[in-house]
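As written in TrEMBL, here are the features:
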{"type": "SIGNAL", "residues": "1-18", "note": "signal peptide"}
{"type": "DOMAIN", "residues": "2-442", "note": "domain 'Major facilitator superfamily (MFS) profile'"}
{"type": "TRANSMEM", "residues": "37-56", "note": "transmembrane segment"}
{"type": "TRANSMEM", "residues": "68-87", "note": "transmembrane segment"}
{"type": "TRANSMEM", "residues": "93-112", "note": "transmembrane segment"}
{"type": "TRANSMEM", "residues": "124-149", "note": "transmembrane segment"}
{"type": "TRANSMEM", "residues": "161-187", "note": "transmembrane segment"}
{"type": "TRANSMEM", "residues": "234-253", "note": "transmembrane segment"}
{"type": "TRANSMEM", "residues": "273-296", "note": "transmembrane segment"}
{"type": "TRANSMEM", "residues": "319-338", "note": "transmembrane segment"}
{"type": "TRANSMEM", "residues": "344-365", "note": "transmembrane segment"}
{"type": "TRANSMEM", "residues": "377-402", "note": "transmembrane segment"}
């Protein structure tokens with residue numbers, strides 16, 4: 001149940017990240033600005049998400065998981081409501097940034113919470129549940145937002161109100177059902193219980209005897225993300241890889257609208273339904289889980305025979321998902337980029353999107369599990385480093401993804417899709433090829 005709650009947070013916050021983009025023309029017309037300017041609402045949310053991750057990870061390693069989830073979720077909802085009521089574009093952008101800042105807990109702290117809940121073998125099954133939900137958010141956003149945008153019955157602002165309603169329901173469930181997973185707090189509660197039933201004051205937890213005040217510990221916890229980003233090759237390289245992948249993802253989501261609306265003449269609502277192909281690809285990743293679990297079980301058995309019962313799986317064992325899925329991303333982009341013609345059935349592009357969703361999720365699962373296994377109690381700080389870099393880059397590229405098709409319409413939408421698909425494919429392939437060439441954790 002706890003894993004499902006964490007997954008639900010990931011779903012709704014990622015859903016909120018780009019929900020405005022589905023009704024972008026209507027919002028732009030309402031505020032009297034260009035679509036490119038209105039696309040900043042998505043970009044600024046992602047940038048806020050990246051900066052918020054630095055603080056969310058540090059606080060979760062100092063306080064505990066549950067208070068951070070509940071407090072940040074409640075504040076995030078306030079800013080979502082502010083965005084829904086915004087009278088102008090400036091106000092909307094401020095509220096969207098703040099919503100992203102406080103919503104960053106979902107991806108930053110989730111890795112640590114799942115690490116607390118499950119042992120390394122169990123995470124082979126547990127983590128894909130969270131990852132699938134987190135990626136389903138931006139995929140199902142166009143399905144909802146597309147129909148809201150084209151509706152004559154409700155305003156585009158209902159994209160925000162729907163987000164707020166779902167977020168409120170999830171917050172209630174978290175307050176009721178989400179257990180505490182942070183080990184120091186659990187030990188503190190255990191010590192308090194023993195003192196109460198025995199009357200023996202010698203039962204104390206480490207967190208109770210720390211001499212440093214809370215604020216000093218909190219400031220100290222802010223350093224690791226910056227240190228890891230500057231000094232750890234693993235964090236730097238994975239941050240680079242995920243940055244490329246996320247730039248591809250969010251520009252792909254922008255371009256998807258033009259492919260199906262301009263080339264095939266789909267309405268906004270039906271174009272949103274076309275994103276379900278990516279969702280099918282996300283689900284296909286689950287087919288790898290039993291196979292990789294069997295390999296992990298085999299490798300653990302061999303390690304324990306060789307090194308004793310205390311042996312653990314090496315973090316490199318988590319890279320199987322990426323090795324199976326990473327080639328699918330450039331393949332799907334080439335496929336879609338060069339079959340984007342009205343003379344070719346839209347089913348070709350839909351099937352290529354299945355491959356894209358499968359590859360993206362495989363990369364995400366491998367990256368996060370590798371970082372969690374490598375840094376353990378500092379996983380939240382390491383994940384904060386990854387989140388900061390990739391979301392700032394993705395936020396900037398979201399605006400570029402919207403503006404490019406508008407600026408080069410005269411060149412021809414088919415040719416634009418060909419070139420954009422090829423460029424994205426080569427950028428992703430180059431990173432993966434470098435990784436394969438080294439075959440080491442560096």
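Along the chain as shown, residues are numbered 1 onward.
Cβ atoms here come from the backbone N, Cα and C positions, even for glycine.
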Stretch of maximal Cβ-Cβ contact with the transmembrane segment (93-112) [cut-off: under 8 Å; candidates 124-149, 161-187, 234-253, 273-296, 377-402]: 377-402
CB contact flag for the transmembrane segment (344-365) and the transmembrane segment (377-402), at least three pairs under 8 A: no
Non-local residues, at least 6 beyond the ends, that sit with Cβ under 8 Å of the transmembrane segment (37-56): 13, 16-18, 20-21, 24, 27-28, 31, 68, 72, 83, 89, 92-93, 96-105, 107-109, 222, 225-226, 250, 254, 380, 383-384, 387-392, 394-396, 398-399, 401-403
Any contact, the transmembrane segment (377-402) to the transmembrane segment (68-87), with at least 3 Cβ pairs under 8 A: no
Contact ranking winner - 68-87, 234-253, 319-338 against the transmembrane segment (161-187), Cβ under 8 Å: 68-87
Rounded mean pLDDT for the residues that make up the domain 'Major facilitator superfamily (MFS) profile' (2-442): 80
